[in-house]
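Features as listed in TrEMBL:
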REGION    1-310  region 'Disordered'
COMPBIAS  9-22  compositional bias 'Basic residues'
COMPBIAS  23-72  compositional bias 'Basic and acidic residues'
COMPBIAS  73-123  compositional bias 'Basic residues'
COMPBIAS  138-190  compositional bias 'Basic residues'
COMPBIAS  200-217  compositional bias 'Basic and acidic residues'
COMPBIAS  218-231  compositional bias 'Acidic residues'
COMPBIAS  238-271  compositional bias 'Basic residues'
COMPBIAS  286-299  compositional bias 'Polar residues'
COMPBIAS  300-310  compositional bias 'Basic and acidic residues'
């Protein structure tokens, strides 16, 4: 048994020895290969030149230095006061813009809502009006609206013409005062006049946008409107005449009443003047008992007083 154990021990020892030898040989081979490589690289470097090598190293170092400086600057600028303030400012601006945007949206929504409500209310009112009124009233109203629109347009054209004339006058006076730049001012005035005339013509041409048929219809309506206006004028004249005759009648009746009153007054004054001066006035004549009465209340008392005086 002892022999067996010794034999196994010997075998193990031999194995370890061979392993160690192999590893040593491999290490040696590796070192040799490295040395060969280094020699080859050195030859290459010698061929390229030492200057290229130095340049490369310098570039590498410069790039590394730059990267380091950048990182340092970044780290520095991250926490400076100014950068913090800038960030805060931008944040506030962003929020402000956001709030404004939201406010505008809210306003638009409200405006749309109100418009919708107004339209609905208008439609309801129109429907009620249509139920109440007939077709002829609607037509009359439509004609009236168109008439008013045409009048408004004519008024605008008239005003524009007046403005143009005043402008022309002003420009002419300026040109008279300053002889220099006379032609320029006249040209400008002409241009403005032409532009305004073109605008007016464009606005007048807008009436033709519905086509010839619609234009003819509008013409017919205009004729109708003119007829209605003439009728209205005739009606107004008649009403005025009636009112005048009424006023005349009133004035004549008033004058007659006045004349009657004046006549009565004159008669009273005449009666007073006819009476003798020594007699008391009519309103203070005494009765039989000695009380004063109104004139003409008792003829007896008057007779008695006249008798007594005789």
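Backbone N, Cα and C atoms are what each Cβ position is placed from, and that goes for glycine too.
Curation plays no part in TrEMBL annotations; they are all automatic predictions.
Note on the compositional bias 'Basic residues' (9-22): DSSP counts are 14 helix, 0 strand, 0 coil. Secondary structure of the compositional bias 'Basic residues' (238-271) per DSSP, as helix, strand and coil residue counts: 34 helix, 0 strand, 0 coil. In the compositional bias 'Basic residues' (138-190), the DSSP tally of helix, strand and coil residues is 49 helix, 0 strand, 4 coil.
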